Amino acid sequence: MHRVQREWRPLEQRSCTDIPWLILFTLFCIGMGLICGFAIATGAASRLVSGYDSYGNTCGQKNTAIEGIALSGRDQTNKKYVFFLDPCNIDLVNRKIKSMALCVSKCPDIQLNTYEDIKAFATVNGSFLCSYDLSPDQYVSDPEKATKCPKLPVLKSNSLPMFHRCTPVDIFCYARFAEALITFLSDNSVLHRLVAGVMTSKEIIMGLCLLALVLSMILMVVIRYISAILVWILTAVVVIGSLGGTCGLWWLYVDHKKSLNDTMPVNELQVAKDNVSALLVYAIAATIFTVILLLLMLIMRKRVALTIALFHVAGKVFTHLPLLALQPFWTFLALICFWAYWVMVLLFLGTAGNPVQNNQTKLVEFRMSGPLQYMTWYHAVGLIWISEFILACQQMTVAGAVVTYYFTRDKSNLPLTPILTSVFRLVRYHLGTVAKGSFIITLVKIPRLILMYIHNQLKGKNAYTATAINSTNFCTSARDAFVILVENALRVAAINTVGDFVLFLGKILIVSCTAFVGVLSLNYQRDYTVWVVPLLIVCLFAFLVAHCFLSIFEIVVDVLFLCFAIDTKNNDGSPGREFYMDKALMEFVENSRKTQAGRSNTGEGRELKPMDSNGQWMAMKLLKQQYQ
């Protein structure tokens with residue numbers, strides 16, 4: 001049965017989309033909240049913050065006895081700190097301390113070298129560092145003191161902020177644990193130099209991070225004004241690099257082949273022949289790659305012009321909609337808040353459940369059993385779904401604002417705040433579509449190794465754009481957007497290759513400039529010698545900032561392209577069917593028509609529908625009026 005072609009209706013009356021999915025997402029979020037409530041109600045939160053001893057007693061409060069567990073049910077109201085008898089006994093596989101833990105009233109603020117020192121500390125401070133069934137008088141004489149009292153020497157320790165655990169001030173005993181994470185930290189002096197470097201250069205780090213932010217904003221402006229030069233230069237660099245690499249491989253092949261000599265030792269001769277064979281394979285592969293690349297460049301040269309025009313218009317969008325530049329900040333802030341909440345609840349779940357005595361260590365651990373153990377998996381799915389939901393809200397907001405910009409003929413009549421208008425439309429009509437789209441992406445991300453290609457093709461940006469235009473549900477929007485993109489497959493390929501490559505090089509440029517300035521700045525800092533950590537922090541932040549800004553630019557370009565494809569499909573410039581597009585895109589359309597004016601009407605290579613002279617005149621007239 002023939003499917004009726006959809007008539008695109010930008011900026012018309014809207015309706016709510018995917019309401020069942022919004023209800024489902026709301027119920028899922030309620031489930032996430034119930035998990036948090038369960039962890040708090042069952043005491044997991046207090047056990048995480050206050051800590052508990054090896055007998056299941058939570059420090060800093062009264063406890064009820066646990067059946068079968070000796071020394072449980074103690075009143076630990078005045079003992080607020082967790083003290084480990086052997087804090088260096090670390091399980092490197094499970095990343096946890098295997099030592100017996102006790103609740104004490106005070107962490108040892110001095111190093112204790114003998115059992116007499118431990119007894120004196122208990123007598124003076126009232127903090128008992130040995131097992132509850134030993135009195136201070138037994139600390140020196142009890143035959144089991146080696147297992148029931150802390151390992152000597154007892155290092156000076158302080159309690160962690162918020163988490164009441166006695167932690168040794170000297171990090172030496174954690175060297176093995178540190179080696180499992182970062183091998184070069186086995187040298188304690190190296191660690192101290194690195195930390196000192198970060199602390200001493202904190203002003204420089206903050207300044208360089210600000211520099212990365214400024215460079216990202218400047219690059220977005222630069223791309224608008226020199227997009228044509230930038231794209232063609234990069235294209236030329238790629239072509240020249242491919243040709244140079246191919247010629248170099250062939251030269252190496254010929255040179256190595258000439259150097260073959262039968263008088264060489266057998267082993268050396270065989271190695272030389274293997275190298276020649278390998279170079280021949282590499283040279284042939286490089287030649288094939290270069291030929292294919294040149295053919296693609298030849299085929300897509302006109303589409304490169306479209307990429308340039310879209311980059312130029314994207315720069316204008318940011319000029320008219322400056323609040324777009326703030327979207328990465330709000331999205332990043334929302335993600336950070338959610339991730340912090342997610343990690344907190346995950347830690348709660350780590351101490352939730354029923355007390356169980358470990359058969360090997362005889363220490364009490366809290367474990368969830370039965371259906372409750374699947375709460376962690378539910379919580380993990382929530383991490384992906386809600387994170388994707390937040391990102392999808394950003395994409396929908398940007399798409400709505402750009403659609404409003406594109407399909408408003410007179411840009412002086414744009415809403416006062418298109419971004420806020422887009423946010424309102426999102427909340428009022430399309431949260432269900434965002435919930436559904438983010439859920440589908442979540443399902444794809446879980447088996448990511450299997451469905452990597454599908455994930456890359458169905459990220460949802462174009463579907464959200466179609467929803468912003470037509471106010472249709474996610475699946476309908478995805479189908480409509482897919483049809484449009486298939487009809488413009490070569491253009492899509494050009495934008496994805498050229499555009500993404502340009503933006504990637506932009507990110508590398510920002511990181512390189514920030515790193516260069518960082519090296520120059522750190523060269524004048526004489527208080528430390530290790531630069532690696534401060535420089536890594538700066539480079540990582542610079543890349544994240546550049547990615548945030550340029551990803552917004554990428555979304556804008558993608559939305560503009562879909563609007564452009566819809567515009568050229570449904571309008572031809574004739575009266576009543578005038579184009580909505582920007583002047584730069586109109587110039588691209590006119591240039592495309594001029595190059596095809598001499599061809600016969602065979603349909604060969606046509607990208608746009610014919611437009612008569614009256615339509616051309618009307619379209620240009622409207623553009624002149626718009627930009628006067």
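Backbone N, Cα and C atoms are what each Cβ position is placed from, and that goes for glycine too.
Any TrEMBL annotation is an automated prediction that lacks curation.
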Which one of these stretches, 306-326, 474-494, shows up in TrEMBL as transmembrane segment?
306-326
Among 230-253, 332-356, 377-407, 501-522, which stretch has the most Cβ pairs under 8 Å to the transmembrane segment (279-299)?
230-253
Using a Cβ-Cβ cut-off of under 8 Å, list the residues of the same chain that are 6+ residues beyond the ends of the transmembrane segment (306-326) and lie near it.
217, 220-221, 223-225, 227-228, 231, 398, 401-402, 405, 411, 414, 417-420, 491, 494-495, 498-499, 502, 549, 552-553, 556-557, 560-561, 564, 582, 584-585, 587-588
Under a criterion of three or more Cβ pairs within a distance under 8 Å and sequence separation of at least 6, are the transmembrane segment (377-407) and the transmembrane segment (332-356) in contact?
yes
